[in-house]
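Take a look at the structure below.
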Amino acid sequence: GVFCGEACAQASCSIAGCECIAGLCYKN
């Protein structure tokens, strides 16, 4: 649930432990 400070166009994020949800990277 914490925003990782990165937008994403695909399912993966460049920041480790973060996942793409609704176009933005979140971690827990």
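Using N, Cα and C of the backbone, Cβ positions are placed for all residues, glycine too.
Per Swiss-Prot, the feature disulfide bond maps to CYS4-CYS18 (among others). Of all Cβ atoms in the shown protein chains, 18 besides its own fall within 10 Å of the Cβ of CYS4 (disulfide bond). Annotation note: CYS4 (disulfide bond) sits in a strand segment as assigned by DSSP.
Counting only same-chain residues at least 6 apart in sequence, those with a Cβ under 8 Å from the Cβ of CYS20 (disulfide bond) are CYS8, GLN10, ALA11, SER12, CYS13. Annotated disulfide bond per Swiss-Prot: CYS8-CYS20 (among others), in sequence order, evidence recorded as sequence analysis.
Neighbour density for CYS13 (disulfide bond): within 10 A of its CB lie 19 other CB atoms from the protein chains shown. In the three-state DSSP scheme, CYS13 (disulfide bond) is classed as coil. Here Swiss-Prot flags CYS13-CYS25 (among others) as disulfide bond, drawing on sequence analysis.
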